[in-house]
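For D9, E70, D145, the entry in Swiss-Prot reads active site. As annotated by Swiss-Prot, Mg(2+) 1 binding site applies to D9, D145. Residues or ranges marked as Mg(2+) 2 binding site in Swiss-Prot (evidence: sequence analysis): E70.
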Amino acid sequence: MADLIMGIDPGTLVCGYALIKVENRYHIHPHSFGKVKLSQKLALAHRYKQLFTEISTILQQESPKAVVLETQYVHKNPQSTIKLGMARGVLLLAASLQDVPVFEYAPNTAKKAAVGKGNASKKQVQLMVSKLLRVPDLLAEDNEDIADAFALAMCHAHLALYQDLKKTLV
């Protein structure tokens, strides 16, 4: 039995998503991935509507066991923080309306799970995720958001396995 975990790297212009298949608790394989591209010409409310609609469709089609997002962090520009927070809210709503549990991890936790160090660059995450999952397409410059989404999903898979193993040892 395989479980699907969906990682989402939220954004107000580009939102990367990636689904991994976890088989027998230990084997992780890429399932599907992509980007939701939001037009800068659209009003913010219409971008959020498009994001909600497209992610909701993917959730319905794929039926993941979990959705994984980055925790909110503060940008230098307060407006960017607010807009990203609203995009995260849209994603939380899309998942909760379909009864998919949402898990959140700090960016450095996801980077550590994928690369081995929490302060890894986006390029390092991209390279390592591409190698670990054998997805050469991730190395394209505009696929950083997808690589981050894969890293989030992998982080959750690893931490869930760790929690399961801890339970068996107690």
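Even glycines carry a Cβ here, placed using N, Cα and C.
What Swiss-Prot annotates, mapped onto the structure for a quick look.
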residue : record                : Cβ neighbours (10 Å)
D9      : active site           : 24
E70     : active site           : 23
D145    : Mg(2+) 1 binding site : 25
Rounded distance in angstrom between the Cα atoms of E70 (active site) and D9 (active site): 7
Rounded Cα separation (Å) that holds between D145 (Mg(2+) 1 binding site) and D9 (active site): 6
